[in-house]
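Trainee: Here it is: the structure, laid out below.
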């Protein structure tokens, strides 16, 4: 893979070793169109690959997951590069720690896996905004994924940083990257801007050269607008789809060369309020075997799903706004906790019929830990910490501004105004044009009155005296990540209305919740008296020690409603116990301090805590406990509708 300095050997062996090892100038990965196959170093080759996202797995666990993939019989790993993960602000780049892309390429090389790279710029991946940086929306009229000059300028600047980094890792340069995808399922975007695709292809060629194989991936319906002459066309589909029909359609765009399914779905994603998705072992293995019999190259999406830590999950628009869960387990062959599943062993048996499997057993499941229940203590409501959450002070505007306009990419913004007259009778409070993106927690003089939710619940009824403080905490639940979405701005998109009055004169507080939890809470700056029955956005925490041996574990929050949770300052992700299906959050063992040290867990409960504010750590996940099989918010009759069927389309 990546070139390494040879060890000292007796001088007589060195010439022989030189002859046996492929040299960088003889390494090649090409399409043999005459025989419908790939050639690796001139030898017929077929890849059986799996998807793994380094940005969904703690760095310390990369090697473990990649080794298990190799031992499963895979010879390649496919992964995306999320632009927003590496360029948090224009011109500010982060390739350190868990964002060290080169370190991940090196781990793949150590595991003896070739790499199929998907650098975007758009990736979908059920990741926030499909991997595009939210700061692009600071130009509100920008047209994403088109030849809009503003978008192309940002893309060019990014790729002129990223692509030179991966150039030494191309296969013909001695690295392990055999092919690179241009854009991602562009045919599903409906823009059909071939000038944009040509621009990207030209940029890749200019920086990476002509030898690297560039390809596109689309669902069957997207091949027309997603494929481009000069880029190798591949398709994606799952085990339930008509393989013969889809590969026949692919031949209309790529008459000669190997058949490739770049995303063969081993499972599926989960939405909050829907059922946990599964795919049967038989259907997945049967489909894989049939494709391999055809000589096709296949990448399984996902082989290991991982976790949407922090605020990184994306969302879909399928009849209504559907945010994606924290768990990205995906019912994949390797579970969210990195354990082999029955699906993995069945797939390994199929692969062994077509190519050699590495000798040796797969590692057993990691040790798991149970702990608790633990009682959490009330730290105080969110409003009490406002000076620490927004130390720079609020931004003032006559009309409310979006997250993007106040340069808040994720998390929370507090919007505050004061009532200009007394409202003595319960009066409708609402935001026109479905203008809450995505959930609003409404408080009057610090008293929680309820929630407004995008597409689901559009109004509350409020009272208050003149001068009363109206606080609206807005939560971004993840930007749209798939298909022909428009720009998904967050916050109050329209000014709220109370009765017949449009509310103006807003203070906006972009909240730095993660900094408060990580840096200021440990100082115990505030000692306050707390209400007996708090409701609305409130912080809870406790310290705990692990007395026995530690292990991976799953945080269970029975009776809690919805919020965010941190372990030792690390943002574990969102919980939404009341809606499901996910009931536990995966806690990797490296996040926990071992025996003798104190660990801290912090919760931001956004609505209502249970009477007994307790949590537990379990030794197995609960991912399939949806309380409402098909969730429709029943508090607002005006938005009830039949649920949209989930369709297998798009990454």
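Glycine too: its Cβ is placed from the backbone N, Cα and C atoms.
Since we're looking at a predicted model, the values are computed, not measured.
When I checked TrEMBL for this same protein, it listed these features:
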- 38-353: domain 'Glycoside hydrolase 35 catalytic' (DOMAIN)
- 400-512: domain 'Beta-galactosidase 1-like first all-beta' (DOMAIN)
- 537-594: domain 'Beta-galactosidase galactose-binding' (DOMAIN)
- 1-28: signal peptide (SIGNAL)
Trainee: So what pLDDT does the domain 'Glycoside hydrolase 35 catalytic' (38-353) average out to?
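Mentor: Here the mean pLDDT over the domain 'Glycoside hydrolase 35 catalytic' (38-353) amounts to 97.
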Trainee: Helix, strand, coil residue numbers for the domain 'Beta-galactosidase 1-like first all-beta' (400-512) per DSSP?
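Mentor: Helix, strand and coil residues of the domain 'Beta-galactosidase 1-like first all-beta' (400-512) number 0 helix, 56 strand, 57 coil.
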Trainee: Counting by DSSP secondary structure, give me helix, strand and coil numbers for the domain 'Beta-galactosidase galactose-binding' (537-594).
Mentor: 3 helix, 28 strand, 27 coil
